[in-house]
Structure formats: C-alpha cells, structure tokens
Amino acid sequence: MNQPIFRAPRGTFDLVPPRGEAMLAVRDAMAAPLRASGYGYVETPSFEETRLFARGVGESTDIVTKEMYSFTTRGGDDVTLRPEGTAPVLRAVLENGLHRGALPVKLWYSGSYYRYERPQKGRYRHFSQVGAEILGTEDPASDAELIVLAVDAYRSLGLSGVRVLLNSLGSSESRPAYRAALQEYLRTLDLDEETRRRVELNPLRVLDDKRPEIQKALAQAPVITDYLSSGDREHHETVRSLLADAAVDFIDDPRLVRGLDYYTRTLFEFVHDGLGAQSAVGGGGRYDGLSELLGGPRLPGVGWALGADRTLLAMQAEGLPLPGRVGVDVFAVPLGDDAARRAFGLVTALRRAGVAADVATGGRGLKGSMKAADRSGARYAVVIGSRDLEQGVAQVKDLGSGEQEPVALDRLVEHLRVLLA
Ligand code: AMP
C-alpha cells in the first residue's frame with residue numbers, strides 16, 4: 001500500500017501560483033516606498049541565539065514564554081527560529097558597526113518568521129513580514145515617516161480599509177508612574193492567578209488581554225496619556241501633527257499595547273476589519289532602550305513590521321483582484337520538429353530582448369498548443385507551421401481579437417516589441 005502523501009506542517013501552507021505571485025507583489029509594494037526613501041536592505045539569518053530574543057523581546061512576553069521554535073543544535077548551542085525582525089536587525093547593526101557611521105541608519109528587510117501559535121485564519125506558524133527600522137535618532141519625524149510609508153504601501157495595493165491606531169507608551173520619564181498607577185488599579189480587580197502574576201511582572205501586558213470580562217474591567221483603568229512627561233507629550237504631539245500634515249488619518253488609542261516589551265514612546269498598529277480576530281496587518285513603534293538591553297550603546301530607534309499574509313487576506317476581504325502577474329506576453333506554437341527548433345531560438349531571442357515569452361513543448365498539436373497559449377495569458381500567439389517555415393514567416397495572432405497576420409521570421413522580435421510597447 002502507498003503511504004499517504006506528505007503535508008505541510010500544521011500552521012503552515014504553500015504558496016502556489018497565482019498566490020505565490022500575489023505574495024511577491026505584496027512584498028514588493030511594501031518595500032517600494034522604503035526603497036524610494038533611502039532605506040538600505042539588510043538580511044539576517046533565520047535563526048539566532050535564543051538569548052537574543054529572551055533579552056530583546058522580553059522574558060515575560062507570550063512570544064518568548066510560549067511561541068518560540070527553540071532547539072539545541074548538535075553542537076550544543078541554544079538557537080531559536082526568529083519570531084520577529086527588530087532584535088536580529090539591531091544585533092546586526094551593532095555587530096557590523098553600522099551605528100558608528102552616519103546616523104540615522106535606515107534599513108528594510110523581508111522574510112519568514114516563526115511562532116508556535118494556535119493556527120487560525122491569519123495566524124500561522126510560519127509567516128512573512130516586510131520590516132523597516134530607523135536607528136540612531138529620537139526625531140519624531142522618523143516615527144511619522146515610517147507610519148506614512150506603511151500607509152502608502154497599503155494604499156498602493158488598493159486597500160482602503162486599513163486604520164492606524166496610535167499611542168505613546170512614554171519613556172523612562174513617564175512609564176514608572178503610569179506602571180504604578182495601573183498596577184494599583186489592577187490589584188483592585190478580581191483576577192485569575194496568572195493575570196495577577198502578570199499584574200506584578202508586566203502590568204501593561206494586561207491591557208492586551210482580549211477576554212471580554214477583562215476588557216470591561218479595563219474601561220476604568222488609568223491611561224498612559226495622563227502620565228506623559230512634557231518631553232514625551234511633545235514628541236507624541238509632533239508625530240500626530242506630522243501625520244495630519246501628510247493627510248494620514250489615525251485613531252488615538254491610549255490602551256494600545258503590543259506583544260513585545262521593548263517599546264517606548266510611539267506605538268502604532270495597522271488594523272483591518274475584514275480579518276476577524278486577527279485584525280492587525282502590521283505594527284511597530286519606538287524602542288529607545290533596546291540597544292542597551294542587547295549590550296550596545298544608547299541607540300534610539302523606531303520601526304515596523306507589516307504582515308504580508310494578512311495584507312493579502314485583507315485585499316481579498318475588500319474584493320480586490322490578486323496582485324502580481326503570472327504569465328507571458330507572447331506564446332509560440334510550433335507545428336512539427338523543424339518549427340519547434342525555430343521556435344526555441346525565437347523565444348530565446350524574445351526573452352533576451354526583454355519580451356516575456358513562452359513556447360508550447362512536447363510536440364502538442366495545434367489545438368492543445370492554442371489552449372496552452374490562452375492559459376498563458378499571452379496577448380499574441382506566434383504560430384509556426386511547416387508552410388510558414390518554407391516561406392520564412394510566422395503567423396502572429398492577436399489572442400484578443402483573433403486577427404492574424406504573417407510576419408517575416410527575421411523581423412519577428414522587433415515586430416512584437418513594437419506591438420507590445
Ligand atoms: P508583530 O511583531 O506581532 O506586531 O507582527 C507584525 C505583523 O506581522 C502583524 O501585524 C501581523 O500582520 C503579522 N503577524 C504576526 N504574527 C503572525 C502570525 N502568526 N501569522 C501571520 N501573520 C502574523
């Protein structure tokens with residue numbers, strides 16, 4: 001008996017055409033505003049020393065306590081498949097001394113991330129993000145710039161339903177007083193044991209508890225905005241007014257927190273209503289203390305990560321067509337062996353001339369080959385029969401109108417280039 005076929009691991013999926021192209025197009029659209037704004041491309045390994053994330057993301061976060069793919073290598077090293085991009089990129093900046101050059105350093109990246117989560121729609125164990133970071137400046141214009149670039153990326157994909165949630169978590173000037181006030185309030189509530197522990201360890205994380213009864217109890221909780229120092233408030237106000245100048249709508253959300261501990265001051269999330277429970281299509285914030293946590297010098301920074309998988313789901317929820325093109329402009333249909341050889345050379349010449357072209361293979365007949373031409377999405381089929389060959393021509397058929405004309409083989413590349421221009 002045959003064994004059952006292998007399947008992708010739980011919480012993961014394959015991208016096959018045309019979804020594969022759609023994902024590429026989404027990532028390209030996210031990267032385009034960054035590439036046009038002076039960001040350099042950085043690539044780090046998909047796994048890092050486990051301690052980097054424990055330190056960088058936060059020991060008490062869900063990511064570190066429950067969701068990491070961690071293992072010990074044959075050599076005895078403790079490593080983890082990256083659950084997020086900021087800590088690795090900052091590690092790379094420090095290791096490569098980029099912070100000793102001109103500041104700020106602006107970087108972007110794109111890749112796979114891994115979290116051992118309970119799989120559901122929009123929440124996977126392997127997912128794809130495009131990220132951006134600006135390091136070495138506290139300028140609120142950098143925070144605003146990143147938010148604008150993300151909004152422009154979503155817009156360029158045709159999305160109209162992405163909302164920007166904005167908050168400031170304050171710096172070390174403001175946070176301790178707020179933390180204490182929040183803790184004091186939370187201690188008055190009737191909470192389960194685990195949540196009570198969280199109140200003592202990391203009270204801000206309780207704000208992120210999605211359970212309705214907790215959310216209800218949190219309605220009366222003190223909000224960070226009332227505790228911001230004048231410096232933090234000014235920073236936040238500047239971000240807000242720069243966003244308004246750039247015609248970016250945002251929603252002030254003083255209860256917004258995120259699942260990573262390193263944020264200071266600006267915090268933001270991009271949400272979409274078409275996704276059900278997993279509504280965040282991207283998010284980020286400022287992390288002025290992260291470098292020091294990782295053993296580096298003071299190096300303030302701000303960044304975001306946009307989720308490509310969920311962005312694609314959001315596009316589908318809005319009824320947008322799948323982005324990205326599969327297919328070619330020209331499809332050659334040779335009839336017979338001699339024609340096949342000629343078609344191979346012709347298609348090679350077209351491709352080298354920058355025309356997307358494909359050719360029917362395996363000696364299929366006219367009918368099967370024309371079907372393949374239609375499936376290819378081509379605008380023109382180039383049919384080469386044996387009589388055509390004798391006359392040194394091919395039939396160029398417009399697959400839209402059905403019109404057909406003979407064109408000399410040695411003029412074909414130029415002819416098609418003009419038609420497609
Ligand atoms: P985070 O670092 O958790 O804020 O993630 C940034 C973005 O990545 C989120 O807004 C999501 O769009 C996406 N993302 C995070 N975790 C997952 C996941 N498990 N599956 C799919 N997308 C995710």
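Note: Cβ is positioned from N, Cα and C throughout, glycine not excepted.
Keep in mind that TrEMBL annotations are predicted by a computer and have not been checked by a curator.
Other Cβ atoms within 10 Å of the Cβ of Thr86 (L-histidine binding site) number 25 in total over all chains. According to TrEMBL, the feature L-histidine binding site maps to Glu84, Gly85, Thr86, Arg115, Gln129, Glu133, Arg258, Tyr262, Tyr263.
Under the heading domain 'Aminoacyl-transfer RNA synthetases class-II family profile', TrEMBL lists 34-323. Taken together, the residues in the domain 'Aminoacyl-transfer RNA synthetases class-II family profile' (34-323) have a mean pLDDT of 95 on the 0 to 100 scale.
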Cβ-Cβ neighbours of Arg258 (L-histidine binding site) (radius 10 Å): 21
Annotated binding-site residues Glu84, Gln129, Tyr263, filtered by Cβ under 6 Å to ligand 1: Glu84, Gln129
DSSP-derived class (H/G/I helix, E/B strand, else coil) of Gln129 (L-histidine binding site): strand
